[in-house]
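J.: Here it is, the structure in full.
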Amino acid sequence: MAGNTLGQLFRVTTFGESHGLALGCIVDGVPPGIPLTEADLQHDLDRRRPGTSRYTTQRREPDQVKILSGVFEGVTTGTSIGLLIENTDQRSQDYSAIKDVFRPGHADYTYEQKYGLRDYRGGGRSSARETAMRVAAGAIAKKYLAEKHGIVIQGCLTQMGDIPLEIKDWQQVEQNPFFCPDPDKIDALDELMRALKKEGDSIGAKVTVVANGVPAGLGEPVFDRLDADIAHALMSINAVKGVEIGDGFDVVALRGSQNRDEITKEGFLSNHAGGILGGISSGQQIVAHMALKPTSSITVPGRTINRFGEEVEMITKGRHDPCVGIRAVPIAEAMLAIVLMDHLLRQRAQNADVKTDIPRW
């Protein structure tokens, strides 16, 4: 199975399955001398981990990360960093009924078509459980970006179902279980989630992630454009079906005179481009959005087939998120951090001596 690695100079390779013994990853490219402890990684893992509220799956995994290598006396050595999280709350018996049945909307059918077999326990490698290691690796990148370059990455929920959420207060995001920046909408989200649980159904969501303090010049035209790599990283997250950079699809309704981000000696007058022009960061805030589909793991009966081609009715058992967008917020932050750190290292490697007299804001 290929496709388990992201990045060129900052490289993250993950391994493990939902109901296997453990999840792990190898992080290459971390510069030496960076202070790093397991506690530095645990905060974001706790934000992502299951069982933290009544609105998410009740699978209770502590997600305690272990640093196996690459750190000595509290600082990175410049060698590969090995990370491990043990699985402790698997209930594989919940999935015995789907051993020969393809859950509609899941990767069961496509994995079996590709490999001729599949790990049906919680989806195996296709499960979003794998993203725990992305968050751990992303926490390393976030720490490096913040401490060495002053880059701060934040994410939040900006829509659930037909409830749009305004980014009114970033401080509110960590104060509620929805990662919601709009305190006026929390009651509506709670009501929607209660209704979904009662119905046994699920709902989609939109997540926004931003990066402040990114310098101008990151991105490698033409095939490794910064926006292309961000979209690639975000699209690799489970359940993501669309990614927008800046105004995204809204630019269709704009005229060129409206959409262009005009420049004065004080700086840019707008940021429709989301901080990226020609695939290269402009020094403005980087803005990305991703759309997540409603999970197909629901108790509403649905039609499917088994591996023998027979039609059957499917009701998904197990412990699942009514809205996967909630726990996707720290995952989106991690993926953006991984991409930005990779491009920072690439920029330093090729263009460290480049100086310009052009203003930077």
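Cβ atoms here come from the backbone N, Cα and C positions, even for glycine.
Straight from Swiss-Prot, here's the annotation block:
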BINDING   R48, R54  NADP(+) binding site
BINDING   R125, S126, S127, N238, A239, G278, K293, P294, T295, S296, S297, R319  FMN binding site
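How buried are the listed features, and what sits near them?
T.: Around R48 (NADP(+) binding site), a 10 Å sphere centred on its CB holds 24 further CB atoms from the protein chains shown.
Long-range C-beta contacts of K293 (FMN binding site), restricted to its own chain and to partners at least six residues apart, with a cutoff below 8 Å, comprise G105, G204, A239, V240, K241.
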J.: State the Cα to Cα distance, in Å, between S127 (FMN binding site) and R48 (NADP(+) binding site), rounded to an integer.
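T.: On Cα coordinates alone, these residues lie 14 Å apart.
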J.: Rounded to the nearest Å, what's the C-alpha distance separating R48 (NADP(+) binding site) and T295 (FMN binding site)? Just drop the number here, would you?
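T.: Distance (Cα to Cα, whole Å): 17 Å.
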